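Chemist: Annotation source TrEMBL lists domain 'G-protein coupled receptors family 1 profile' at 19-274. Per TrEMBL, the feature transmembrane segment maps to 6-28, 40-66, 72-100, 121-140, 160-183, 218-242, 254-276.
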Amino acid sequence: MSKPAGITGLFIATLLLTLHGFSINVAFKSNKKLQKNRFYVLALFLSLSDFAMGFEILYGSILLLLNSHGNAYLYQCMAINHIVAGTVLASQFHTLMICLERLGSTFINKPRILHIVTRNVAVVLCFVMINGFASLRFGLETLKGTFPCDQRYTATPSFLFSHDIPAVIILILIVLCYGITIYRIKKQRQTIGVQTVWNVEIPIDNRSKKDIRMCKNVITLGTIIGLTLVATLPRSITVFYSYNVGGSESALNFVWIANHVFVLLNPLFDPLIYAFTVRQYREHLISVCKCFQKPD
């Protein structure tokens, strides 16, 4: 199973690096947009996190193809499994930060705590700390010896309690934050409707542009959250089930599928979401496609 997994991983890693490299390039070309909109800044950080995951998967896939079975090889495989898990968790935390930023934008004066936790420093610190914790977990695991170079064996108690349970907790926080954001937006629109009835002067053009921009961001965020749910829950549920039944072969096989299919849905589809919702992304994509067309 190692060679098919390695080939699949190489393909996925190449696709991840290409798509998110394109996303990052578009983001930096839209520098003015980044300065004005925190949503796009945080989306850029999410792409950078997924880009890093692409390199990690690439390295892990090369290891699977080598399949040397030596101690150094097994330790490297263990390390990459832990680091990829850390990056996945960091990406989920970045999604939570995007939700918090959208929640903050529903306030006239953004709460200070939301401003602090969605700053660039907080995002970088989050990525470093989560991956540092994953490296520490790897260090503790090496005290028990080596494990086979197969991601099915990430269904261990250490991964369950330090990765899967925190992932589900973050997922619950994301859904709660998104629900509160939608509730506040609906409540504000009802308030605006009441004000209009009472002939209160409201700058309609500015309000409509802001509403359209907010709706697009909420739709984009909602789609990302939907993908996060699909990417997170199958693995977490399966690992929890595997832990309870003592690691049955069928459960471990599904963990392998979850790691290679479900977990990777989020980073793979994020750039496609940007293509449908961000005008600058679509325009740049069209211009790149035209460059590859044969001249008449």
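Positions of Cβ are set from backbone N, Cα and C atoms, glycine also.
Walk me through the surroundings of each of these features.
Modeler: Mean model confidence for the domain 'G-protein coupled receptors family 1 profile' (19-274) is a pLDDT of 81.
If one looks beyond the transmembrane segment (40-66) by at least 6 residues along the same chain, the residues whose Cβ comes under 8 Å of a Cβ in the stretch are 2-3, 5-10, 12-14, 16-17, 20-21, 23-24, 27, 30, 33-34, 73, 76-77, 80-81, 83-84, 87-88, 90-91, 94-95, 97-98, 101, 118, 120, 123-124, 127, 149, 220, 224, 264, 266-267, 270-271, 274, 278.
Here the transmembrane segment (121-140) has long-range neighbours at 42, 45, 49, 78-79, 82-83, 85-87, 89-90, 93-94, 97, 158, 162-163, meaning same-chain residues at least 6 beyond its ends whose C-beta is under 8 angstroms from one of its own.
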Chemist: Tally Cβ pairs under 8 Å between the transmembrane segment (218-242) and each listed stretch (6-28, 160-183, 254-276), then give the stretch with the top tally.
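Modeler: When the Cβ pairs under 8 Å are tallied, 254-276 comes out ahead.
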